[in-house]
Amino acid sequence: MNGENFTLCGKMVAPSYVRQGSQARRGHEQLIRRLLEQGKCPEEGWSESTVELFLNELAVMDSNNFLGNCGVGEREGRVASSLVARRYYRLIHGIGRSGDIAAVQPKAAGSSLLNKLTNSVVLDILKISGVRSVASCFVVPMATGMSLTLCFLTLRHRRPRAQYIIWPRIDQKSCFKSMITAGFEPVVVENVLEGDELRTDLEAVERKIEELGAENVLCVHSTTSCFAPRVPDRLEELAATCAKHEIPHIVNNAYGVQSSKCMHLIQQGARVGRIDAFVQSLDKNFMVPVGGAIIAGFDESFVQEISKMYPGRASASPSLDVLITLLTLGASGYKKYLSERKEIYSFLAQELKTLASAHGERLLHTPHNPISLAMSLDGLQASSDQAVTQLGSMLFTRQVSGARVIPLGREQVVNGHTFRGFMSHAESYPCPYLNAASAIGITREDVTLCMKRLDRCLRTLKKDGGAARSCSTGPDVDQEAPDEE
């Protein structure tokens, strides 16, 4: 209510009580004013009542919520179900216009403000997380794979002759299909084995550029967050190579925002060389429903160019979800999650190492991977050809989600390209293994329970000689691994 309405309230209720209510209201409004002034994530999280008040204030600015609105167009924000309307806080118009996902809608000042604020708050979080020099970003209502495709399609207009994308191998289907869908030919560069780690073959990348001709290469498509024993690409060296040959560089930073090491690699890559855009998932980094990503870069004009490539308006749901989440957590709350994740990574590593040793296996040495870990399964492989994949089935039926069991010698054809040793990021990795990851939101209880169930499964398989037929009803975990996009 405004001041006049509070004065009128004082005629019906004791003025002292009304003043208290007015002061409480001003407390909410001061938080909102600070957000509008600064465009940054508040240091301390907001209460639900403040968030809801703010969203309701935005909603009444959209034409579908005007009291006297008379809509005679084809898109008037009409919603048949009141449940659906409440789910979206009556912010129905979505974001953007037909020619630009970042443009302001005349019919929807509130939704447009939501879009601008979300992008501004997310940019602040990317800076807090380690990429200090990022210039611009926007939330797009597509998962990481399609968001990468949008980046490649934008580069097509800058490099019309280019037909190849150089891609250090990462065994995740959406990364590969993002290039195919955009109409380009992926040039797969196999990784090199250094100790237990799979690392970028920089010399092979250089050879491919010279072989294909720099003018025929659309970009280098690198990766930060990945499943061990693969580790983040050598971003600084790749960025320098791209700058030297004047080739764009797109980074798949799928769940890298939660890792200070991944974000540092991006910051350093941009400092010493060239990174045109980096893409990250909303659900994996901010604990919101699947369906959104952040496209960010160091050249504001190029990021705007990508946003204008998006055809038509877009759903506001991912923007709404991440804004609500960040306003509720605040910068301090999000940083606390990041700190806890890093602590539990160390706890998971120690627990997995102890368990591996107890079963005659070992924790693979992958110090350059800050999120994912891997445990060898050599002994299990020796006991039975089926024992490794059987372990995946047993974990699945025991409600251990996210663990990946990788056997030897698997082949997979993806859009006509045959990947040998699929899911291990190499044609012939030396041993089968099991993956586990310490991702944002994980708890010590998750780790403890996982280790207990994994221990039981391994003991059962050894006792039964790898048969464990009673547990064979579940699907092999490696057949449909957790997404990494």
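Glycine residues also receive a Cβ, built from the backbone N, Cα and C atoms like all the rest.
Here is what TrEMBL says about this protein:
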- Arg75: pyridoxal 5'-phosphate binding site (BINDING)
- Arg97, Ser98, Gln105, Arg313: substrate binding site (BINDING)
- Arg271, Arg398, Lys463: tRNA binding site (BINDING)
- Lys284: N6-(pyridoxal phosphate)lysine (MOD_RES)
- 465-485: region 'Disordered' (REGION)
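Using Cα positions, the member of the recorded positions Gln105, Lys284, Arg313 nearest to Arg398 (tRNA binding site) is identified as Lys284.
Highest Cβ count within 10 Å among the binding-site residues Arg75, Arg97, Arg271: Arg97. The shortest Cα-Cα distance between Lys463 (tRNA binding site) and any of the recorded positions Arg97, Gln105, Lys284, Arg313 is the one to Lys284. Listed recorded positions: Lys284, Arg313, Arg398, Lys463. The one with the lowest count of other Cβ atoms within 10 Å of its Cβ is Lys463. In this structure the alpha carbons, written CA, of Arg97 (substrate binding site) and Arg271 (tRNA binding site) are 34 Å apart. A Cα-Cα distance of 36 Å separates Gln105 (substrate binding site) from Arg271 (tRNA binding site).
Taking the centroid of the Cβ atoms of Arg97, Ser98, Gln105, Arg313 as the substrate site, the other same-chain residues with Cβ within 8 Å of it are Gly94, Ile95, Gly96, Gly99, Asp100, Ala103, Gly312. Long-range C-beta contacts of Ser98 (substrate binding site), restricted to its own chain and to partners at least six residues apart, with a cutoff below 8 Å, comprise Pro311, Gly312, Arg313. If you take the Cα of Arg271 (tRNA binding site) and the Cα of Arg75 (pyridoxal 5'-phosphate binding site), they are about 45 angstrom apart, rounded to a whole number. Residues Arg271, Arg398, Lys463 are the ones the record ties to tRNA, and the longest Cα gap between any two of them is 55 Å. Between the alpha carbons (Cα) of the residue listed as 'N6-(pyridoxal phosphate)lysine' and Arg75 (pyridoxal 5'-phosphate binding site) lies a span of roughly 33 Å.
Around the Cβ of Gln105 (substrate binding site), 19 further Cβ atoms fall within 10 Å across all displayed protein chains.
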